[in-house]
Amino acid sequence: MSRLSNASGTDDAPALVRFGDDLRVDDNPALTAAAESGRPVVALFVLDDGTGRPPGGAARWWLHHGLAAVRDDLAALGIPLVLRKGAADLVVPGVAASLGAGLVTWNHRADPAAQETEARLAEALRADGRQPRRFLADRLFAPGEVQTGAGRPFRVFTPFWRAAMALPPPHRPKPVPQGTRAPADVPAGEALESLGLVPVAPDWAGGIAAQWRPGAGEAARRLAAFLDDGLAGYAERRDDVGVDATSCLSPYLRFGHLSPRRLFHAVRDRAGADGLGADGAKFIAELGWREFCRELLDQFPALHEEPIDHRFAAFQWRDDPVGLAAWQQGRTGIPLVDAAMRCLWQTGFIHNRARMVAASFLVKHLMIDWRAGERWFWDTLVDADVASNPASWQWVAGCGADAAPFIRIFNPVRQGERFDPAGRYVRRFVPELAGLPDSFIHRPWEAPSDVLRTAGVRLGETYPRPVIDLDEGRKRALAAFEDIRRGE
DNA sequence: AGCTAGTTGGG
DNA sequence: CCAACTAGC
């Protein structure tokens, strides 16, 4: 006992930095505070599947490699990373005790359950005579900072973002700390491999590994490439699903390899210097959606389970396991939807526009509960975010705060012809349709038989017929929504 | 961050 | 024939 109180009372008692969704050394305020204390520093990551929403399969693959990356980045600063498993409010105080830590820092997490645990954790640390400190690294603005004139949270994105952009800009990112050192004794941890984050057999992650390299170094490379090649024309090209015109930075934000403030200022500085005001504003507004989703999660902690719009509690979603499986596996017979869902399975990612179309098809045309889609995305997306994923599904389903009304139903053929006019996206992920001409690539069921024959397509054999007639599905959804609207 | 059906005005 | 525009879902 005396050892603990002595240790935490001296300046040379080590600082412990708990990592979470902030796998970076750049603009990491918890790390910077530990470094600036002048104490030796140890980093800790606790895999705690009992607190909050455990990451899905694709995110666990990313986490494995992201931890390896941040371990290397920390090692370059002379800081060891200790890996542990278990309940964070028990494990962190235990590690802090064996280290004799004085200062214990971490960055705020978006998951409401994690925040509850962290409140208990802070209590436990204080009771042990240590100094817990929490920082905000995951947001541009503090929770609740963006308010209506009446001091209430916004429920609609556009006024939210207008008010946010009228505030002083988020403060500048912090540089990588200098002069850090490790203590003589570092508590034992687990080997990364023993956390069991990556699939062994079958290894379904090959396509993901081919597409992505987790880590802050790759995030910085992608950001630089986007600023050089992607920002100019972003506003106009971002919806083209067949062209790689988006930044693909979402998983790097999800795991905190890239700080939102670093990204905000990098884009704003470049857009200002290069006269790309509209492109910069459009891109930064996407960060604004991420911010808005976090505000929603703060207000609605059950965001992935409960519709914000209570009218939808009574909505009769269809129980359709066959339709759900067809959607998940990319064999609905609707080319753009199937391309999106196969892209998801292969790469852990879907372009924003294709995401909306695929999600809309499940919720509107198949009338399957948005929560089933949300769970599938949660398990398969490398960027599955505790706030953005459920909030966006509620938006698509029309039951969210700032929801597109339920009656806004995407037509996947029309969307395909507008945003993938050359069929590049469909041909890449649905190769059995590649031989079709552009005029039928998004509607093979309307192609004349000689066109199908020439393309080597046999509907119902080489590629499915639509699981539902689009017009019929649209009318059914509208009718069901009318029932709700009348009953409200 | 929609779609459809219907209208109008121009070739 | 089409593009542009609108109301209503």
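Cβ coordinates are placed from backbone N, Cα and C, and glycine is handled just like the others.
The annotation domain 'Photolyase/cryptochrome alpha/beta' is assigned in TrEMBL to A:13-140. Mean pLDDT, taken over the domain 'Photolyase/cryptochrome alpha/beta' (A:13-140), works out to 97 on the 0 to 100 scale.
Taken from TrEMBL, the feature FAD binding site covers A:Y234, A:T246, A:S247, A:C248, A:L249, A:S250, A:F283, A:D383, A:A384, A:D385. Within 10 Å of the C-beta of A:F283 (FAD binding site) there are 27 other C-beta atoms, taking all protein chains into account.
Annotation for A:W317 (site 'Electron transfer via tryptophanyl radical'): spatial neighbours A:M367, A:I368, A:D369, criterion Cβ-Cβ under 8 Å with sequence separation of six or more. Taken from TrEMBL, the feature site 'Electron transfer via tryptophanyl radical' applies to A:W317 (among others).
Look at A:W370 (site 'Electron transfer via tryptophanyl radical'): DSSP puts it in a helix. As annotated by TrEMBL, site 'Electron transfer via tryptophanyl radical' applies to A:W370 (among others).
In the three-state DSSP assignment, the secondary structure recorded for A:W393 (site 'Electron transfer via tryptophanyl radical') is helix. Counted within 10 Å of its Cβ, the other Cβ atoms near A:W393 (site 'Electron transfer via tryptophanyl radical') come to 27, all protein chains included. Look at TrEMBL and you will find A:W393 (among others) tagged as site 'Electron transfer via tryptophanyl radical'.
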**Request:** Please work out the number of neighbouring Cβ atoms within 10 Å of the Cβ of A:W370 (site 'Electron transfer via tryptophanyl radical'), leaving out its own Cβ.
**Result:** 26
**Prompt:** Taking the binding-site residues one at a time (A:L249, A:A384), which has its Cβ surrounded by the most other Cβ atoms within 10 Å?
**Reply:** A:A384
**Proximal but sequence-remote residues of the same chain as A:Y234 (FAD binding site) (Cβ under 8 Å, at least 6 apart)** = A:A245, A:T246, A:L276, A:D279, A:K282, A:F283
**Prompt:** Taking just the CA atoms, what is the gap between A:L249 (FAD binding site) and A:W393 (site 'Electron transfer via tryptophanyl radical') in Å?
**Reply:** 20
**Request:** Do me a favour and check the Cα-Cα span between A:W393 (site 'Electron transfer via tryptophanyl radical') and A:S247 (FAD binding site); whole Å is fine.
**Result:** 21
**Asked** Could you count the residues of the domain 'Photolyase/cryptochrome alpha/beta' (A:13-140) that DSSP puts in helix, in strand and in coil?
**Response** 55 helix, 27 strand, 46 coil
**Number of other Cβ atoms within 10 Å of the Cβ of A:S247 (FAD binding site) across all protein chains** = 22
